[in-house]
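Everything below concerns the one structure shown next.
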Amino acid sequence: MTPWLGLVVLLSCWSLGHWGTEACTCSPSHPQDAFCNSDIVIRAKVVGKKLVKEGPFGTLVYTIKQMKMYRGFSKMPHVQYIHTEASESLCGLKLEVNKYQYLLTGRVYEGKMYTGLCNFVERWDHLTLSQRKGLNYRYHLGCNCKIKSCYYLPCFVTSKKECLWTDMLSNFGYPGYQSKHYACIRQKGGYCSWYRGWAPPDKSISNATDP
């Protein structure tokens, strides 16, 4: 078993990604949670890949050109390679080579960065302006807050440190408006509430603060 296989279960508990393929099952997570729970968060372009004979299905090793690091300076100040399972059924991630810039999140294990389908991985040009601003500073400000998922009504916050995440209840589904345009940030008095960045107001979001 590869080190990555041992990480799959852990990663699927906290990170954002795509709904599972076959045996790969991922719980939805707000981008802020994915940011705060990741060892590494970077913007990078994939410039190469190779299949390493490791484990039952092998491991894909992507060579990347790191553009910017948002989180993880103390763990790995510069990332040159990322590792993922070769099989999508084991949450392996497929990335285009020499085509797009990506936002990549992942864990560090034995000096290597691992990522997969259950991590928050997205093409950079698909991120909203609010998400980009979140990566630069807003998400970091909210790492002491807790985003509470709401899958069905009624649901309530039970602590002043919680923000209620209701994207899963909307007609647009997940990822929704709160994922794309809001960060959960501590306000005066120690309360956490949704903070809207550069996005049109959505009156359905409660306890939101304008810039």
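Just so you know, glycine gets a Cβ as well, placed from its N, Cα and C.
Annotation source Swiss-Prot lists signal peptide at 1-23, citing sequence analysis.
Under the heading disulfide bond, Swiss-Prot lists C24-C91 (among others).
What Swiss-Prot lists as domain 'NTR' is 24-143, and the listing cites sequence analysis. Under DSSP, residues within the domain 'NTR' (24-143) fall into helix, strand and coil as 25 helix, 45 strand, 50 coil.
Its Cβ taken as reference, C24 (disulfide bond) is surrounded by 21 other Cβ atoms within 10 Å in the chains shown. Residues or ranges marked as Zn(2+) binding site in Swiss-Prot (evidence: similarity to another entry): C24.
Here Swiss-Prot flags 24-27 as region 'Involved in metalloproteinase-binding'.
As annotated by Swiss-Prot, disulfide bond applies to C26-C118 (among others).
Within 10 Å of the Cβ of C36 (disulfide bond) there are 20 other Cβ atoms, across all protein chains. The feature disulfide bond is assigned by Swiss-Prot to C36-C143 (among others).
Among the features that Swiss-Prot reports, site 'Involved in metalloproteinase-binding' is placed at N37, with the record citing similarity to another entry.
The annotation region 'Mediates interaction with EFEMP1' is assigned in Swiss-Prot to 105-188.
Spatially close to C192 (disulfide bond) yet at least six residues away along the chain are G142, N144, C145, K146, K160, K161, E162, C163, C184, I185, R186, judged by Cβ distances under 8 angstroms. Per Swiss-Prot, the feature disulfide bond maps to C145-C192 (among others); the stated evidence is sequence analysis.
C155 (disulfide bond) is surrounded by 14 other CB atoms, counting those within 10 A of its CB over all protein chains shown. The disulfide bond annotation in Swiss-Prot covers C150-C155 (among others), and the record cites sequence analysis as its basis.
The local packing around C163 (disulfide bond), expressed as other Cβ atoms within 10 Å of its Cβ over all shown chains, amounts to 27. Positions annotated as disulfide bond by Swiss-Prot, on the basis of sequence analysis: C163-C184 (among others).
Using a 10 angstroms CA-CA radius around N37 (site 'Involved in metalloproteinase-binding'), the disulfide-bonded residues that qualify from C24, C91, C118, C143, C150, C155 are C143. Cβ packing within 10 Å was compared across the disulfide-bonded residues C118, C143, C184, and the lowest neighbour count falls to C143. Figure note: comparing Cβ neighbours within 10 Å for the disulfide-bonded residues C26, C91, C145, C150, the maximum is reached by C91.
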